[in-house]
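The structure appears right after this line, and notes come after that.
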Amino acid sequence: MRKIIHVDMDCFFAAVEMRDNPALRDIPIAIGGSRERRGVISTANYPARKFGVRSAMPTGMALKLCPHLTLLPGRFDAYKEASNHIREIFSRYTSRIEPLSLDEAYLDVTDSVHCHGSATLIAQEIRQTIFSELQLTASAGVAPVKFLAKIASDMNKPNGQFVITPAEVPAFLQTLPLAKIPGVGKVSAAKLEAMGLRTCGDVQKCDLVILLKRFGKFGRILWERSQGIDERDVNSERLRKSVGVERTMAEDIHHWSECEAIIERLYPELERRLAKVKPDLLIARQGVKLKFDDFQQTTQEHVWPRLNKADLIATARKTWDERRGGRGVRLVGLHVTLLDPQMERQLVLGL
């Protein structure tokens, strides 16, 4: 029996904004395009959701529901950065990772030896690690198949998890509304209800032939899901493109010696993480990131063939001297970009 975890970050874009600017934490905020440009909401925090603001809602409607809504344009580099860090955390537990978007993924931990092989404990530890390292919360679902893991991750949001053991699947399905199954939209749900089908238990009693005539291929999928059948594998994560490590300080730093000391502490962790995916430590580029007390950030990198601490320190010093402008620094990060597989093959052939 497989052990599948679905991890879903809680209002991810908004959560990153609130983490980086605590003044936003207790007020309604949303990420989206402006009303003038007929934008839509990407996500909203929980204070905004209390007013009915939702993802994919037109910005104009959101502002009518919540006139004091703080609308943010979004910082997708920051979201991508956090997403990459989260996926790196996943990789500590399994190589079988299927990202669905920046803020959610499936993990197959069937063969994982972590936490004595307990998927429940692995999910809990992953969520704790995400919060410890990124100050972001995640929800998780654990089940023997993918669609149930995804449904389960929504059961105890935010910052919770829900487990459906193999023994619990039949009872869980009996009362599960069909609208909860991924892929069943409002139109399909209405058609099913017109047939007297509201739950998976109802579909279990329905003849498959009827479902096939009414819904075609989707009818079979619906019938299988209602039986708890989902044979889809977790598709492994695409080849990793970068590895990074960073630290947000409790208090801003103002002296180069403090920054250098942080790099000295970060470097061994970067080396450890890189060695897990590239034991030879060969890379395409390496660089540093500084985030300042006004939440602006700068990244500087250049081509370098192998992870090198002295070069990272020199790059950081140059960045510190040229771009800080007297500002305090709240975050220091180190990262490397991995060689493209085709480029790596060419280098090997060249040798």
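Every residue gets a Cβ built from N, Cα and C, even glycine.
Taken from Swiss-Prot, the feature active site applies to Glu104. Long-range neighbours of Glu104 (active site) (same chain, six or more residues apart, CB within less than 8 Å of its CB): His6, Val7, Asp8, Met9, Ser153.
According to Swiss-Prot, the Mg(2+) binding site annotation covers Asp8, Asp103. In sequence order, Asp8, Met9, Phe12, Phe13, Tyr79, Ser83 make up the list of same-chain residues 6 or more apart from Asp103 (Mg(2+) binding site) whose Cβ falls under 8 Å from its Cβ.
If you look up Swiss-Prot, you'll see 4-185 marked as domain 'UmuC', on the strength of sequence analysis.
Residues or ranges marked as site 'Substrate discrimination' in Swiss-Prot (evidence: sequence analysis): Phe13. Summarising the environment of Phe13 (site 'Substrate discrimination'), the number of other Cβ atoms within 10 Å of its Cβ, over all protein chains shown, is 26.
The DSSP secondary structure for Phe13 (site 'Substrate discrimination') is helix. Using a 10 Å radius centred on the Cβ of Asp8 (Mg(2+) binding site) and all shown protein chains, the other Cβ atoms total 21.
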